[in-house]
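K.L.:
Here Swiss-Prot flags Gly10, Ala11, Gly12, Gln13, Ile14, Gly15, Asp34, Asn96, Ile119, Thr120, Asn121 as NAD(+) binding site. If you look up Swiss-Prot, you'll see Arg83, Arg89, Asn121, Arg152 marked as substrate binding site, on the strength of sequence analysis. Feature annotation from Swiss-Prot assigns active site, proton acceptor to His176; the stated evidence is sequence analysis.
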Amino acid sequence: MARSKIALIGAGQIGGTLAHLAGLKELGDVVLFDIVDGVPQGKALDIAESAPVDGFDAKYSGASDYSAIAGADVVIVTAGVPRKPGMSRDDLIGINLKVMEAVGAGIKEHAPDAFVICITNPLDAMVWALQKFSGLPTNKVVGMAGVLDSARFRHFLAEEFGVSVEDVTAFVLGGHGDDMVPLTRYSTVAGVPLTDLVKLGWTTQEKLDAMVERTRKGGGEIVNLLKTGSAFYAPAASAIAMAESYLRDKKRVLPCAAYLDGQYGIDGLYVGVPVVIGENGVERVLEVTFNDDEKAMFEKSVNSVKGLIEACKSVNDKLA
C-alpha cells in the first residue's frame, strides 16, 4: 500500500518542524516546498538523514515548483511572513494575502483532492481566502488555531494545578486573535470543570482570569521573547494532530477554524469551533451552548473576523 503524501508549503521554522514530526509519526512521505530555492531541499535532506537514527521510513524531497505537490493527500500551508514584535496578526494581511493567492492556485492545479490545513496569519482571514483562491470544498480546507490555543491554555492550567497535561481538557473558540474565547465552563481537569475547582479552592477566579488572558496573548508572548520570529514547535504539533486525525480517520474532536454555513448563526465565515476531523475532512461541527457572557465574547470575536474579511476584500477585489 502506498504511503500518504504530505506537502508542506513554506519551509521556514514551522515547515521544517512539521516535516520532522510527520516523519517521527510515520504519517507518510513529505514534500517541502518553498519559493527560496535550496532551503526546502536542504531541510528535506537534513531530516532524511535523521531517519536512520530515529528509525522511521519516509521519503523526503524539497522543491520550488508547485508540480512537486501533485497528488498530495494533505497540504499544510505555513507560507507567508511571521509576526515580529509590535506587529498584530492583522498587520500581515496585505503581504500574506498575495501569498495565499499563489498557494491557492498551486493547490487547485496540483492537489485538488487534498485536505488543506492553513497556519498562516491572520489565520481566520487567510484560511477563508485560501479556500476562495483554491476552490476546494469548504470541508477540505481548515485553519489551525484552536488546537494551539487550547494547548496553551492546557499548559497553563496543568502548571497551576500541578497535574499532567493529559488530564486537562480545554476549549478555546472564536477567532485566532486577542478576542479568542477560552471557555472555562467547558474546560476540565479529569472531568471536573474549572468552575468547580475554583469552589474547591484549587485556584482562584483571579488566577483563572489571568490564565485566560495569558492564553489570548500566548502568541505575542513568544514573539516578544524570540524577537526575530514567532512560535513554531506548538503550532506544528497542533497541525500534525489535525493531519493525523484525517489520514488515520481518527475522528478526533478538535477546535479548528472551520467554515460555518448556519451553525452558531454564522454563514460564510471561518471561525474557531469544535469539529470532528475524519477521512472526509471536517465531518461535523459541534455546536455548544453559550451563557450570556460567553455569547457576547464569541460575537465580539466573530466581529473581529468579519473585520479581517472586509480588509481582505478591500485589498484584493477578486475576493469581493
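Each residue, glycine too, has its Cβ placed from N, Cα and C.
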K.L.:
Could you check which of these binding-site residues, Gly12, Asp34, Asn121, sit within 10 Å of His176 (active site, proton acceptor), going Cα to Cα?
P.N.:
Asn121
K.L.:
Relative to the Cβ position of Ile119 (NAD(+) binding site), how many further Cβ atoms are located within 10 Å?
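P.N.:
Taking every protein chain into account, the count is 27.
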K.L.:
How big is the NAD(+) site in terms of the longest C-alpha to C-alpha distance among Gly10, Ala11, Gly12, Gln13, Ile14, Gly15, Asp34, Asn96, Ile119, Thr120, Asn121, in angstrom?
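P.N.:
Across Gly10, Ala11, Gly12, Gln13, Ile14, Gly15, Asp34, Asn96, Ile119, Thr120, Asn121, the two farthest Cα atoms sit 17 Å apart.
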K.L.:
Run through the Cβ atoms and count how many others sit within 10 Å of the one on His176 (active site, proton acceptor).
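P.N.:
Taking all protein chains shown, His176 (active site, proton acceptor) has 31 Cβ neighbours within 10 Å.
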K.L.:
Under 8 Å Cβ to Cβ from Gly10 (NAD(+) binding site), same chain, six or more residues apart: give me those in sequence order, or none if nothing qualifies.
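P.N.:
Result: Phe33, Asp34, Val77, Thr78, Ala79, Gly80, Thr120.
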K.L.:
Starting from each candidate's C-beta and looking 10 angstroms out, tell me which of the binding-site residues Arg83, Arg152 has the most other C-beta atoms.
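P.N.:
Highest number of other Cβ atoms within 10 Å: Arg152.
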K.L.:
Quick one: Cα separation, Ile14 (NAD(+) binding site) versus Arg152 (substrate binding site), in Å?
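P.N.:
The separation of the Cα atoms works out to 17 Å.
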K.L.:
Helix, strand or coil: which one is Gly10 (NAD(+) binding site) in, per DSSP?
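P.N.:
It is coil.
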K.L.:
Spatial neighbours of Arg83 (substrate binding site) among the binding-site residues Gly12, Ile119, Asn121, defined as Cα within 10 A: which are they?
P.N.:
Asn121
